[in-house]
Amino acid sequence: MLPPALNIPKWLEANSHLLQPPVNNYCVYHPSSPATSGYTVMIVGGPNARTDYHINSTPEFFYQYRGSMLLRTVDRSVSPPAFQDIPIHEGSLFLLPANTPHCPVRFADTVGVVMEVPRAPDATDTMLWFCPNSACKQVVWEKRFVCTDLGTQVKEVVEEFSADLAKRTCAACGTVAESRYKEGELTQPPRFPPE
C-alpha cells in the first residue's frame, strides 16, 4: 500500500525542529526506500548561510514553499567563470541542470522542497568554495565524494573546510574564504516576484 501524501504545513508543525544548521534539511523521502525509486526529497529550512557550492551529476528540482531564497550558481564553461544569483520566490519552481555549481542560500523563516533524481552508483558529488575576492574568484578548495547520505556527508565536508585555515586560504591571492556568509552580506529577494 502506498503512503498518504505529505502535508507540508502539518509536517512542519510537528518536525520543524529537525531543520538544523549547518545543512538545515530533512529527507522526507530517502533514496534507499523501495517506494522512492532512488529519488531524494528534502524539506529545507532557513536560515542557511553556507558559502560552499555543490555539484550534483543529476538535475535538482527546487520548490519554494514559504518565503524566498537565493540560488547562487556558477557557469564554469566560460572564462572567467560567470556567477549568477537566481531568486526563487514563494510558490516558485526551478529546475537546476545537472553539474551546475550551486549554493542555495536560505533566509530565516523560509521553507523549500528539493528533489534530486537518482545518481549512478559511482557518481561523485563535489563541494567547492570560490575565492571571495571579486578580482580572483578561483576555486579555494574542493572535495569529491560518492554521496550516500547527503545530510551527514555535506555537514562533514563543511566542518572539515571550516576547521582548516589552509583549506580556506586561496592559493592564487591569499584571501581567506569563510564557511558562512556574514550577517547582512546577502540581501533576501522579495517574498514574491515584482509585478
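Glycine is treated like the rest: Cβ placed from N, Cα and C.
So that you can see what the record holds, here are the features copied from Swiss-Prot:
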- ARG50: O2 binding site (BINDING)
- HIS54, GLU60, HIS102: Fe cation binding site (BINDING)
- GLU60, ARG106, GLU116: substrate binding site (BINDING)
- CYS131, CYS136, CYS170, CYS173: divalent metal cation binding site (BINDING)
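The structure, with features from Swiss-Prot marked on it.
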residue : record                             : DSSP (3 states)
ARG50   : O2 binding site                    : strand
GLU60   : Fe cation binding site             : strand
HIS102  : Fe cation binding site             : strand
GLU116  : substrate binding site             : strand
CYS131  : divalent metal cation binding site : coil
CYS136  : divalent metal cation binding site : coil
CYS170  : divalent metal cation binding site : coil
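The distance from the Cα of HIS102 (Fe cation binding site) to the Cα of CYS170 (divalent metal cation binding site) comes to 19 Å. Counting only same-chain residues six or more apart in sequence, the Cβ atoms lying under 8 angstroms from the Cβ of CYS131 (divalent metal cation binding site) belong to LYS137, GLN138, VAL139, VAL140, CYS170, ALA172, CYS173, THR175, ALA177. Here the CA atom of GLU116 (substrate binding site) lies 5 Å from the CA atom of GLU60 (Fe cation binding site). For ARG50 (O2 binding site), the nearest of the binding-site residues ARG106, GLU116, CYS136 in terms of C-alpha separation is ARG106. GLU116 (substrate binding site) sits 32 Å from CYS136 (divalent metal cation binding site), taking the C-alpha atoms as the reference points. The Cβ of the residue listed as 'O2 binding site' has 25 neighbouring Cβ atoms from other residues within 10 Å, across all protein chains displayed.
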